[in-house]
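Here is what TrEMBL says about this protein:
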| type | residues | note |
| --- | --- | --- |
| COILED | 107-190 | coiled coil |
| COMPBIAS | 10-35 | compositional bias 'Basic and acidic residues' |
| COMPBIAS | 322-336 | compositional bias 'Basic and acidic residues' |
| COMPBIAS | 480-489 | compositional bias 'Basic and acidic residues' |
| REGION | 1-47 | region 'Disordered' |
| REGION | 314-336 | region 'Disordered' |
| REGION | 439-464 | region 'Disordered' |
| REGION | 480-512 | region 'Disordered' |
Amino acid sequence: MASKGLATKRRQESGRRKGKEDGDKTRGGGGDEMKAGGGSSWAWKTKTENAKKVEALREIEQLEQKINNLDREKGVHLYNKRSDFRKLFCTLEEQELKLNSDRKTEKAKLRQQLNKMRGSVTKFQRELHNVKPTPEFVEKLKEIMETIESVVSEFKEQQKQIYEELLREEQTLNQEVTALEKRLESWASAPPITIETKSVKPKTVSSARNVIADLPPEVAAFERFLLQTGGHRGGWDEYDHGTFLRIRNKFKGKSAFLDEAATSIPGRNITDVRQHENWYQEYLTLMEKKKDGIQKWKIVKEAQKDECLTQAAVDEDEKKEEEEQKTRARARRLEEERREQADRLNAWKVQKELMKAKEEEKQIEIEMRRAKEYEKERLRQLEVRNQVQEYLQRKQEEDAIQRLEVESKKAVQEEEKKTMSREERVRFLERDQRRLEERLAKGKAKEEEQRKKSKRLERLKGQVEVQVERDPSRLYRLTEGWKERKKDTTSASNGPVLHMPHRAVPSWRAGL
């Protein structure tokens with residue numbers, strides 16, 4: 001029962017931890033947008049959130065360490081093979097192992113579901129980086145969002161059902177614990193006298209499920225009634241049951257209060273109120289029977305007490321001696337267990353220190369090897385750099401020598417060109433002057449001919465009257481230019497040019 005409660009707390013802690021991690025990631029993703037906006041307030045907020053996250057993780061680690069320590073101590077005291085109660089706790093140990101296995105399986109399943117949801121969200125974020133203004137892209141984003149929403153809703157519904165089942169189990173266990181506490185309180189109210197003789201065999205310890213069977217019939221009937229009907233409020237919560245009692249006392253138990261209660265208590269109809277009234281009447285009846293049964297039980301116990309007092313005085317000394325022997329044996333056994341545990345702890349610490357020293361030595365060797373490789377690589381790069389510098393320097397010197405040779409050759413050629421081209425220049429100037437005069441003469445003759453042609457056309461226009469008939473079809477006929485274009489262009493004159501005449505090259509410039 002304790003292990004089941006511990007498993008429930010661990011599951012809740014795991015859920016809160018994963019929720020915190022997802023929240024941190026979500027805040028981290030939103031931080032990018034805030035960072036785009038810029039500002040020192042964002043940096044301060046991020047720093048504060050990181051500090052809170054580190055503090056929460058540190059607290060979680062401390063709690064896990066405490067849980068582990070408690071588990072070890074519990075194992076030493078309850079599940080030790082040399083313990084007197086080993087057989088009694090075998091069932092509890094099996095139940096705890098089963099619950100631990102179920103918890104690990106549920107943890108793996110939860111992690112798988114969360115990874116699936118995280119993958120869907122990551123896919124959606126990747127799609128948002130490449131936004132396309134198309135209906136297909138919008139439809140694709142809509143499908144991804146609907147998938148994520150359905151997965152999250154299904155996950156929440158599953159967790160809700162699991163937690164509701166756990167709450168029902170917790171309520172049942174609390175009722176059983178309450179019954180045990182009441183039984184212990186009834187024992188504590190009586191004088192602490194137990195009679196044991198050598199001929200009497202010790203009674204076996206009853207389990208929590210069979211505690212009610214050992215109570216008086218009236219008390220057992222009342223406790224069984226509470227377990228079956230949902231406790232002292234009949235399965236109703238405190239507010240609804242308190243309202244029911246207040247209205248019932250107001251009407252002094254008359255049947256007219258049923259309608260008033262049905263309208264005053266939200267979520268309850270007249271049938272629920274009538275059933276609760278029947279339950280409450282049975283509850284009061286069993287409560288009175290329980291009180292009477294307890295009084296009778298006390299009277300019987302008092303008689304048994306008086307009867308056993310005389311025999312208790314005889315066996316008290318023997319019992320004290322036996323208890324002292326058991327106490328000394330238990331103390332020796334606990335001392336041996338503590339010593340063994342201390343030896344195991346010391347051996348574990350020594351082993352841990354050795355492993356830590358080996359790990360540090362291995363890390364030092366890795367760092368030294370890395371430093372040697374880095375130094376070797378640095379020397380190689382330095383040598384390559386020197387070789388490159390030498391090559392560049394040698395190349396620059398060769399280029400400088402080549403430039404000097406080219407410049408000197410060019411200077412010689414320029415000088416030769418100047419001396420050889422003076423006569424050619426005079427001859428070219430005379431030729432150009434002659435061609436210019438010829439071109440001017442041709443232009444003047446052409447202008448004179450054009451002027452004469454214009455005068456002749458003017459005389460002809462004066463002699464002939466121009467009459468043109470209207471012909472709209474001329475707009476659709478081909479022009480003379482277009483007819484020339486449509487003629488066959490595959491003539492010999494349009495073939496490839498095999499020879500292009502060029503101006504003659506002087507002899508002094510040939511070969512340059």
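Positions of Cβ are set from backbone N, Cα and C atoms, glycine also.
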Check your understanding: Along the coiled coil (107-190), what average pLDDT does this model show?
Key -> 84
Practice item. Sort out the residues at least 6 away from either end of the compositional bias 'Basic and acidic residues' (480-489), same chain, that have Cβ-Cβ distances under 8 Å to it, and list them. Key: none
Check your understanding: How many helix, strand and coil residues does the region 'Disordered' (314-336) contain under DSSP?
Key -> 23 helix, 0 strand, 0 coil
